Each structure stands twice: as structure tokens, then as C-alpha cells.
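Engineer: Features from TrEMBL:
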type: COILED; residues: 463-490; note: coiled coil
type: COMPBIAS; residues: 1-10; note: compositional bias 'Basic and acidic residues'
type: DOMAIN; residues: 384-458; note: domain 'Calmodulin-binding'
type: REGION; residues: 1-27; note: region 'Disordered'
type: TRANSMEM; residues: 101-120; note: transmembrane segment
type: TRANSMEM; residues: 135-157; note: transmembrane segment
type: TRANSMEM; residues: 178-200; note: transmembrane segment
type: TRANSMEM; residues: 229-247; note: transmembrane segment
type: TRANSMEM; residues: 286-303; note: transmembrane segment
type: TRANSMEM; residues: 315-334; note: transmembrane segment
type: TRANSMEM; residues: 346-366; note: transmembrane segment
């Protein structure tokens, strides 16, 4: 490999160590800064980035083999910073791949659930046993399940690679912990669930009183119905991918500022944190979307559970929507009730979720109706002004009643008038004391509203004023010291001049 000159090496690598102090600097700050910069950029020029990546890898390899001194002070080209940049670029592409795989996995899961719903809805209306339509739909469900499993495995493979890059090229076996293996196994078990009963010989189970019959096997009618029902209900467990998609596509996770400030405050960017942020920013929108999706999903699940019974009402979608709504709101009129154990379980879960959502709704409405700090200050200020006016009027009434009582005490006044004015005086005093107590309570409550940031700002202002006063005092003291030194020198010069004058006039004095 040809040797590199000093300028070529500096131009190709671009990272030069400026001294012994920078040589001992940790690379963590550079990693954080470069990660913040790289994350904010888009992937619109991905090919250029890939070419840049290849160039960086080539430069990294070259700088790993050659290290040329740049000056007599011992400056060298360091390849560690180039390796860090290469790792950050790889990390960025891995995060983008994880986002893409998560979105594809969620879309595949939703496609499988949609095909399952279509299969359950159109299967009773297929006239021929073992219809090709039902078989094709079920095969499509199985195919989507296989694709979903592949996407889940690829997602965790990217996650393991990201773990290796974050921990500076450690062995991949270190990333395979027991918790990770358990999570991957549970995800694969959840995603592999799908109805398979239609692969056998299928017939129509008709019932004169059933509004929507189910497809069941002619040999295992009861067993296959239960298995089809259970597998169809468990397919909704695939919706756990929604929280992962929200986390990976959230602006909180993609923002470099959020990550930097969060890392300084030891904040873990999990789905719980992202959900809290969304509930604080858009509480009504998030809760409304969740309630609508839960209402439709639970209604269809209840319809699927109640179709196997002879009840004409609970097996229909409109009745299920009504039953789920009154159960969710914990009203329970009693006009409609589930018949099967599966339907009762769905209603029970709906009631629990309804209580939780009602609590969140009450909290959101309370927060929206509450006054903010500025509104509270304005409201309490106006209340204080009104109470002060009423106190002045009450004090004037007390003085007036005292004067009237004094007039009634004169010899010409009657005793009835005296008693009437005395009662009015006592009532005026009571009103005056009540208003004073009310004003005192109001001012105590306003004084308690002073929050910690305001107190901190006040203390910071006081500290700044004290520092300014201290500097001014130091300057004055220094100025006084200079004046004293000047006066001392003047006195010395004056004494010397006087002694010289005296010696010239009286030569005998020495």
C-alpha cells in the first residue's frame, strides 16, 4: 500500500489530534454530538450516504495501517474518531431498518386480522362444502402469519446488531440473554396463532333461529367451532405491535434534543414515557381513538362469541354495539345480556376498561376546566378587590350604626329605637368580621400558590444583586486603598520637603 503524505492524510481523514490534551479526551461526547446531528438528517440522499460510508470505511482501514506524524509536536491522525463515525452511521441505518420492519410487521398483522374477519363473515354464506374461497382466504391468513414471523425474527436480528454496535463490537452471544429469548419466544407464539379449522372438510351449520351461522366441520362440529372461535379471538393479540410502532415512529425518540436532555436526566424512552407525552399533548384525541377502536373490536368479538347460541339478538352487530356501549359506560340496563361464557368474558373485560377510561376522561376534563396560573392570579386579584370594597362598605355601616346608636342614647330617644340600632350595629360588626376573615383566607391561599420556579427566580435575582453589590463594594475598597496610598505618598513627600526647607533656613539643624 503506498504511503500517504502529511497533507493527503490530513485531507482524507479530516480528523486531526491537536495535542496531548485532546488525545486523552473521551469519545463519548463526540458520539453523542454526531448521533444528534445524524439522526436529524433525512434519508433522501441514501446513495450518497452509502458512498460516503464506503469512503469512510476505506479511510478507516487506511488510517488503521498508516499513522504519519504531522508535526514535530507529535500530532497524529487518530482513526478512533473515524471508527466512531462509522459505528454511528451503521447505527442510524439499523434504527431505520427497525422502523421499517416494525411498520411492515404491523401491516402484516393487521392484514391477517382483516382476512380472519372476512373469513368469519363470508364463510356462512358459502353454499358449497369445502369452498375454494374459504380455503384461499385461510391460506392467505397462513401466508401472512409466515411473513409476520419472518419480520419478527428480522426485527430482533437488527436489535441484536444494534446492541453489538452500542457496546462496541462485543460478542453476539452476550446479547442473547434469557429475557430476550423469552420475549422472542412469546412474540413468535402470539404471532403464529391463526384459525386452521377450514382446512378440513367444511359444511354449513344452519340454525333456524340464528342470525349468522358459523362454518363448522361435519365430523367435529362442536370441537372445531370452539377451536376456530378461540384462535380467531387470540389473533387480536397481534395488536401488541401497535405500541412498538408508536415508540419507534414517535418524534420523541427521533428528536436528538429529547434524547440528549433525557440522557442527562436518566430518562428511559419507553412506550410508557411516549404515551405520557401523547396524553399530555393530545389527551382527548388519544382517548377518543382508543375508545372507538376498542368499542368496534369488542363488539365484533361479542358477535363472534354469541353466534353459536340460539339467541337472535346478541349475535347481531347492532345489538352487540349497544351492549358493549352500556357495559363500557357501566350503565347496564339489563335488556340485553350475553349467553355464552366467551361473551360474558368480553363484557367483563369491557366493564374494566370502561372504568379505567372513565377515570382518565374525568382527569382530562378536570384538567381542561381548571384555571392556569395566570387565570388564577387574575381571578384572585379581582376577588381581593371586591372583598376590599365590601370591607370598606361594612366599615362605613359600622360607623353609621354607631352614630345612630349614639343619637338614640340621647334623652329624647326611645328605647325601641335604641334596641333596633344596637341590633343593626352588631350585625354590621359581624359582617365586617366575616369579610375580614374571608380576605385573610384568600390571601393565605394566594400566598401558597407561589411555586418553586418563581421562588428560584427570586432567589437568583437576589443573588445577582448581592454579587453586584459585592463587586461595587470591592471596587470602592480598592479605590479607597489607592487614595490612601496616594495620600501616604503625598504626606511623605510633604515631610521630606519640609525637612529640606528647614535645613536650608537653619543650616545648624541636621
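Using N, Cα and C of the backbone, Cβ positions are placed for all residues, glycine too.
From a predicted model like this one, the values you see are computed outputs, not experimental measurements.
Please situate the listed features within the shown structure.
Structural biologist: Residues of the same chain that lie 6 or more positions beyond the ends of the coiled coil (463-490) place no CB under 8 Å from a CB of it.
Within the chain carrying the transmembrane segment (135-157), a Cβ under 8 angstroms from the stretch's Cβ atoms is held by residues 98, 101-102, 104-105, 108-109, 111-112, 115-116, 118-119, 122, 180, 184, 187-188, 191-192, 194-196, 198-199, 238, all 6 or more beyond its ends.
Packing against the transmembrane segment (178-200) from elsewhere in the chain are residues 109, 112, 116, 119, 123, 134-135, 137-138, 141-142, 145, 148-149, 152-153, 156, 160, 215-217, 219-220, 224, 227-228, 231-232, 234-235, 237-238, 240: each is 6 or more residues past its ends and has a CB under 8 Å from a CB in it.
Listed by sequence, the residues of this chain that lie at least six past the ends of the transmembrane segment (229-247) yet keep a Cβ under 8 A from its Cβ atoms are 102-103, 105-106, 109-110, 112-113, 116, 120, 148, 187, 190-191, 193-197, 214, 253, 269-271, 274-275, 278, 297, 301, 304-305, 308, 342.
Tertiary proximity for the transmembrane segment (315-334) is limited to same-chain residues at least six positions away from its ends with a CB under 8 Å from its CB atoms, namely 210-212, 291, 294-295, 298-300, 302-303, 306-307, 309, 346-347, 350-351, 353-355, 357-358.
Away from its own ends, the transmembrane segment (346-366) comes close to residues 279, 283-284, 287, 290-291, 294, 298, 301-302, 305, 323-324, 327-330, 338 of its chain (Cβ-Cβ under 8 Å, at least six residues beyond either end).
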Engineer: What are the DSSP helix, strand and coil residue counts for the domain 'Calmodulin-binding' (384-458)?
Structural biologist: 66 helix, 0 strand, 9 coil
Engineer: Mean pLDDT over the domain 'Calmodulin-binding' (384-458): what is the value?
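Structural biologist: Its mean pLDDT is 84.
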